[in-house]
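If you check TrEMBL, you get these features:
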- 280-307: coiled coil (COILED)
- 61-502: domain 'Major facilitator superfamily (MFS) profile' (DOMAIN)
- 1-24: region 'Disordered' (REGION)
- 53-74: transmembrane segment (TRANSMEM)
- 104-123: transmembrane segment (TRANSMEM)
- 135-157: transmembrane segment (TRANSMEM)
- 163-181: transmembrane segment (TRANSMEM)
- 193-211: transmembrane segment (TRANSMEM)
- 223-242: transmembrane segment (TRANSMEM)
- 357-376: transmembrane segment (TRANSMEM)
- 383-405: transmembrane segment (TRANSMEM)
- 411-436: transmembrane segment (TRANSMEM)
- 448-467: transmembrane segment (TRANSMEM)
- 473-498: transmembrane segment (TRANSMEM)
Amino acid sequence: MAPYDHPHQPPTTASLFTKGGGGEIDDGAPEEEHLLLHQNGEQQQQRLQCDNYSVLAAILPFLFPAFGGLLYGYDIGATSSATISIQSPSLSGISWYDLSSVEVGLITSGSLYGALAGSVLAFNVADFLGRRRELIFSSLLYLLGALVTALAPNFVVLVIGRLVYGIGIGLAMHAAPMYIAETAPSQIRGRLISLKEFFIVMGMLFGYVVGSLLVEAISGWRYMYGVSIPLALIMAIGMWWLPASPRWILLRAIQGKGKLHDLREIAISSLCWLRGRAIGDSASQQVDEILSELSQLSEEKEATIAEMFQGKCLKALSIGAGLVLFQQITGQPSVLYYAATIFETAGFSAASDATTASIYLALLKLIMTAVAVLVIDRVGRRPLLLGGVSGMVISLFLLGSYYTFLDDVPAVAVVGLLLYVGCYQLSFGPIGWLMISEIFPLRSRGRGLSIAVLVNFGANALVTFAFSPLEDLVGAGVVFFIFGGIAVLSVIFIFFVVPETKGLTLEEIEAKLL
């Protein structure tokens, strides 16, 4: 891959930091102070020049990794209708449609178990494969899993297909945020990683729509799962076309896994590809700066398992894993299960069907995620997290109150449900994935993110399977109050533990915040 022919850099604007046309400063401050201000201004100007990028060139390295999130969301949406289709005596098109509740549960959660396995696999192979090859591998697993599921001749093969697809989910949810974080310009890194959550929700909405269109077709469930095949092909071709992450390439160089000169040249070519012509002649300078920062931070070896629980790695793990744990144990997998019931009791007869209610909620999630994407790099991570999770606290106590003593006021439940969904998509939804992709030091990023993803899917499985027994034991109202109490703890955790990473490079996050 040949580097671009670079245009000349724009002239510096050092005069912005002086008064008068001659560059003299006459405001009475000490000369050393003005010299420091001038130097800081020049450094800031150099950084801004290094961070120049082409919008088109920046979008493409985001788009194809984001297909991993789209396919994950699509599976959630499509499965809700596929389980209805596959149990229909007249529409399933199979002789083994009479499935038990356990078998339906295996179809529904099979991809979740696969995602857990994929997270464990990512822990061991991610740094060896690199972000790009891991995403190529995950797209092939998506393709194989969708193909096996759509053509399954019996229940066992169907579950195997769901597991294979789920392994693809685990790898994609691990590698996509890393690749986007390491290739995105720092000015729009938060926006692009948050857009991945937008793609997950968009995939969910797409799955609900496809499911509602095909739910009455003969063997409709096969077509629902088959829709993933062309999407997985697009992802595979796109990731094959994209370059490897420059930071991962330089990490390999520092670890002695290749000739420094050769890997440096590859990293420069990769950075030119990712930024487009707008980067000018600064690609070489930026690569050298990353190399220098990595060397100063002693990024010499891949972090061992023991080191993941020490020093900077432990602090980053506490922040990242803590966020995705609270993301799940505040009730996210469970609240939506009550959506159809809440809409029905509120008198929305058109929304009493679960598929229609899901489409409405997915639309709301999509809109609120879009709002988060637009403001995240201006407002910052902490304000959105604190505000959004505080709103979730209110919504969970409203839902608890409805199911405990306000069951004759269904508007309370509707407001609580909509407030929960909206606030979640402003906070935990996009920012959880964003923070875990930013916070880990480079040498521990692969293993750290795999632990965080494992915590995410493990907590999801725990909440999903514990909800029904808890509901039977203490009632839905008490369960929502418990979730509300946990949400209060999560606000405290965010306030005291989670730092602000807005506008910082990945190397600056490690140097200043860990």
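Heads up, the Cβ atoms here are built off N, Cα and C, so glycines get one too.
A TrEMBL annotation is a machine prediction, not a hand-curated record.
Here the transmembrane segment (357-376) has long-range neighbours at 77, 80, 190-191, 194-195, 197-198, 201-202, 204-205, 208-209, 212, 336, 339-340, 343, 348, 351, 384, 417-418, 421-427, 429-431, 434, 502, meaning same-chain residues at least 6 beyond its ends whose C-beta is under 8 angstroms from one of its own.
Counting only same-chain residues 6+ beyond the ends of the transmembrane segment (193-211), those with a CB under 8 A from a CB of the stretch are 62, 65-67, 69-82, 85, 176-177, 180-181, 184, 224, 227, 355, 358-359, 362-363, 365-366, 369-370, 372-373, 376, 425, 429-431, 433-434, 437-438.
Per-residue confidence over the domain 'Major facilitator superfamily (MFS) profile' (61-502) averages 86 (mean pLDDT, predicted model).
Sequence-distant contacts of the transmembrane segment (53-74), counting only residues of its own chain at least 6 positions beyond either end whose CB sits under 8 Å from a CB of the stretch, comprise 135, 138-139, 142, 168-169, 172-173, 175-176, 179-180, 183-185, 188, 192, 195-197, 199-207, 210, 227-228, 231-232, 234-235, 238-239, 241-242, 273-279. Beyond its flanks by at least six residues, the transmembrane segment (163-181) meets 61-62, 65-66, 68-69, 71-72, 75, 110-122, 126, 131-132, 134-135, 137-142, 144-146, 148-149, 189, 192-193, 196, 228, 232, 245, 433-434, 436-438, 445-446, 449-450, 453, 456-457, 506 of its own chain at Cβ-Cβ distances under 8 Å. If you look at the transmembrane segment (473-498), the same-chain residues 6 or more away from its ends with a CB under 8 A from one of its CBs are 318-319, 322-323, 326, 329-331, 334-335, 338, 381-382, 385-386, 389-390, 392-393, 396-397, 399-405, 435, 467. Cβ atoms under 8 Å from those of the transmembrane segment (448-467) belong to residues 109, 112-113, 115-116, 119-120, 122-123, 126, 170, 173-174, 177-178, 303, 308, 313, 316-317, 320-321, 324-325, 327-329, 331-334, 337, 432, 436-437, 439-441, 479 of the same chain, restricted to positions at least 6 beyond its ends. For the transmembrane segment (411-436), the residues of the chain that approach it from at least six positions outside its boundaries are 173, 177, 190, 193-194, 196-198, 201, 319-321, 323-324, 326-327, 330-332, 335-336, 338-339, 342-343, 345-346, 361, 364-365, 368-369, 371-373, 376, 381, 384-385, 387-392, 394-396, 398-399, 401-403, 448-449, 452-453, 456, 498, 501, judged by C-beta separation under 8 angstroms.
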